[in-house]
Amino acid sequence: MSMYTLIRNSPKPTMKEIETAFQGNLCRCTGYRAIIEGYRTFTEEWEQIQKENKLASSVCGMGEKCCRLQNGTNNTNFSNTNEVNSHNGTKNTNGFNVASNETNGEALFKTSEFTPYHPSQEPIFPPELKLTDKYDKQYLEFKGTNVTWHRPTSLKQLLNLKNVRPDAKIVVGNTEVGVEMKFKHLIYPVIIQTGQVPELIRITENETGVTIGAAATLNDVEIFLRDQIKKQPDHKTRIFVAMVEMLNWFAGKQIRSVGALGSNIMTGSPISDMIPILMVAKSELEVQSKDNGIRKVVLDNSFFVGYRKNVINPDEILLSIHVPFSQKDQYFQAYKQARRREDDIAIVNAAVNVTFEPKSDIISNISFGFGGMSFKTVAAPRTEEKLRGMPWNRQTLEIAYSYLLEDLPLEPGAPGGMIQYRRSLTLSLFFKTFLAISQELQKYVPNIKLDQRDVSGIRGFHGRELKSSQYFTVVPSTQEKTDALHRPIVHMSAYKQACGEAVYCDDIPYQEGELYCAFVLSTKPHANILKIDETEALAMEGVHGFVSAYDISEERNWWGTVVRDEKIFYTDKVTAQYQVIGLIVAENQNIAQRAARKVRVKYQELEPVIVSIEDAIKHRSYFADPHKIIRNGDIDEVLKEAPHVLEGECRIGGQEHFYLETQSCLVVPKPEDGEMEIYSSTQSASDMLKLVAEVLGIQQNKIVIKVKRVGGAFGGKESKAIRIAVAMAVAARKFNRPVRCMLDRDEDIIMTGARHPFLMKYKVAFNENGKLLGCDAKLYNNSGYAMDVSPSVMEKAMAHFVNSYKIPVVRVAGYPCKTNLPSNTAFRGFGAPQGMYLAECMAQHIADYLNKDPREISELNLYKEGDTTHYNQKITNCTIDKCWKECIDSSNYYNRRIEVDKFNRENRYKKRGLCIIPTMYGIAYPAPHLNQGGALILVYTDGSVLLSHGGIEMGQGLYTKMIQVASRALEIPIEKNPHK
């Protein structure tokens, strides 16, 4: 949809436009680069490359970096890319024959098979979806139980509405109010949408600047300002340049397409990206009410009178924002610091507006605006007063620092934390401003000279041009045409997924009599439950009932994939927030969720509350003390005799799975024999089947679990999907009706746990060359309130804590910590990444101690053929050394290392790094019975085949691979081989 919108508005987009269009998109598996590469062919740059280099679509996009050229498989000089073959007239591109590529299987697709372009093929908006625009021109009003929504089409209608209901919320894109209503559960009785009022969406240029309608979208504002920047002299558009640059970091493209500048002002967020710019630019706001007409207000330090409160009266509306042109001796800079560069809220942002005496470095006037330093955007009045009349130099900079610290205090307990960091950011961002303005001033003022090493501190990081290549197997000509194995086949669901036709769990149509479930969750980390009162919830219209532990027997109120240590419903005591107390069953999702919030639970809080790994160590709160110890040799003796011993610790935090499809389930009770069908987004259908049968007290053969596909999982739907399904199965049996639930994103995150955080302590012995002699390590993971798969995750980390390095003598102990947090669970890598991180921390520690390149330490200690691991597995067919050398050579590591060092010497404030890290990952399960699989093949009389197996398709292409295997085994084309 993002690309469709972009191409409709820009038929020949640039790569920069494509990257911008993807700002608001999430990808959890495939990778953004692969998606962007797929759309590169729409760009003008790609078309130009084809014309200039005569490149066929099968040629590697890496250019001179193509593996054919780098690895010596083709000796043709890259500069001779258009050599004509005298025998047949075809062209060799990058040293190999283009025409032959399309016939010998070396091309993923054949350009000759493309449908020729015709203007009639332009991707217009489907007429069927746009029946009429008459409602776009009409005043609309929608009345609901709690909210009335208005959409006026004239300024007069809007003023009348605001006069009658001054408490009404005005929205444009609803990006702020919608979030408040959805996640904060706020109710606004009257909402007015202003997107059809002409006066509010107009953007105009006048003699003094630009006037922007309060409801004009940020995207429209950006387009208009870019046009101004092109046609106006540079000195007049310095404020506009700062606004456009900031808009690139303001939310994502989708939000900017509906959100408005006026909304940003009226929301009054203290970390707004745009308000500091508008404030120091002395922007003028035009407001109007029905009774008092129009008045003008300057957006300055007195505009906000409280947290998200301003001087505009309740019956007034914001009409427009006037942003002035900048003057010849006026310079303007704005910066934002967030946790990530794109689509994230600011920690601190700053805007600085400086005017100098003509052709001099004397400050005539200066204004500051800072976000993230108070309950509102603030200025720095004492600093401004002090700097006026002073020269723009390093001495003035130091004075500004001391005054800024006075102007911008933060209490130790200020919301948002990071007090010292935020205070230092104000100085850092002003220093960037100082460098940027100095760079401009030195063109006109002789006595200002900027050291070239300082220049890199002016701007942020900029992405480099993406280049990539795609690897696939070229099958031999002797392979049967019907044999699909090893051939690059399109994912079997790719077209359905791209078109939105693929059916996921919550896409399954409504079942007759279906009800919706909402979970009632605990709100205390450690407490006795004194009373559960669902009376108010049950009194709501549309609520059918409440499901709790009283609906199943005590001995069946337990679940767990390894150990049955979690309750399905908690009624007497909770040991973490967000444990399930009960289920509200209602007519629809909205009613169910509102009713769930009305269930009152009375607690008696208990101590201790164990949150961190350090808390668990202090209270010796472990599921096992320790869970396991792996010993190999006498580590105490090695530590005693070794030339060098280092001691340290490292930690790695958790990670949210953030699969695109949240946990979802549909349970359908059947009319006969207590049978039940469960449609679930799960990775573990067999465990779900077993536990549902166990809890309901019925045979497993009466339950069918169906999983068509899973919209991402990464381990998060291995055990946690069972928790959802088991509780819903109890509800379905109680009401004898189908029940559905798809968790909202916030519910999913708080209920389902994440990757395990680890704290790892070590003593490592080595010699003067960096050769590892032994290691004594203790690994602690934060398991949460229940075991889940934490012991197995710990064992995996213990097996991988040496990574690819041979450590002759080892003692490693693992401690799964029991805490008052939601239990953590499987996550891609399953403990191995945390363990390998410890190995790399030790290697880095040793390298720093010996003053060596970490590469030397890694290379010296790599496993070799015939070595034995610390868990007594002999390594055969060891390719680590070969992989290492190939990576060093193909990456041009040593030359790039020289370039990095040179760059770092020449740049004071921006640095580059380069490292090479090996990885050794064990594939298999510790339990032998898990390392197997089965399949059922049905061959029909028309020659078609049905393949059933126990694997789960979660985006990795498993079904496609299984069809390829069946294609070879049965010697049939894939068209005959549908998949179940």
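The backbone N, Cα and C atoms fix where each Cβ goes, and this holds for glycine too.
Per TrEMBL, [2Fe-2S] cluster binding site is recorded for Cys27, Cys29.
Annotation comment: TrEMBL describes Ile170, Val171, Val172, Gly173, Asn174, Thr175, Glu176, Val177, Phe250, Asp273, Leu318, Lys336 as FAD binding site. The local packing around Phe250 (FAD binding site), expressed as other Cβ atoms within 10 Å of its Cβ over all shown chains, amounts to 23.
Counting every protein chain shown, the Cβ of Arg828 (Mo-molybdopterin binding site) has 14 other Cβ atoms within 10 Å. What TrEMBL records for Gln683, Phe714, Arg828 is Mo-molybdopterin binding site.
Look at TrEMBL and you will find Glu718, Phe830 tagged as substrate binding site. The number of other CB atoms found within 10 A of the CB of Phe830 (substrate binding site), across every protein chain shown, is 22.
Per TrEMBL, the feature domain 'FAD-binding PCMH-type' maps to 142-328.
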By Cα-Cα distance, the member of binding-site residues Cys27, Gln683, Glu718, Arg828, Phe830 nearest Glu176 (FAD binding site): Cys27
Proximal residue to Phe714 (Mo-molybdopterin binding site) among binding-site residues Val172, Asn174, Leu318 (C-alpha distance): Asn174
Close in space, distant in sequence - Leu318 (FAD binding site), Cβ under 8 Å, 6 or more apart: Ala214, Gly262, Ile265, Met266, Leu285, Glu286, Val287, Ile312
Those binding-site residues listed as Glu176, Glu718, and which of them has the most Cβ atoms within 10 Å of its own Cβ: Glu718
Cβ-Cβ neighbours of Phe714 (Mo-molybdopterin binding site) (radius 10 Å): 21
Segment-level pLDDT (mean, integer) for the domain 'FAD-binding PCMH-type' (142-328): 94
Cα distance (Å, whole number) from Gln683 (Mo-molybdopterin binding site) to Phe250 (FAD binding site): 37
Proximal residue to Cys27 ([2Fe-2S] cluster binding site) among binding-site residues Ile170, Val172, Arg828 (C-alpha distance): Arg828
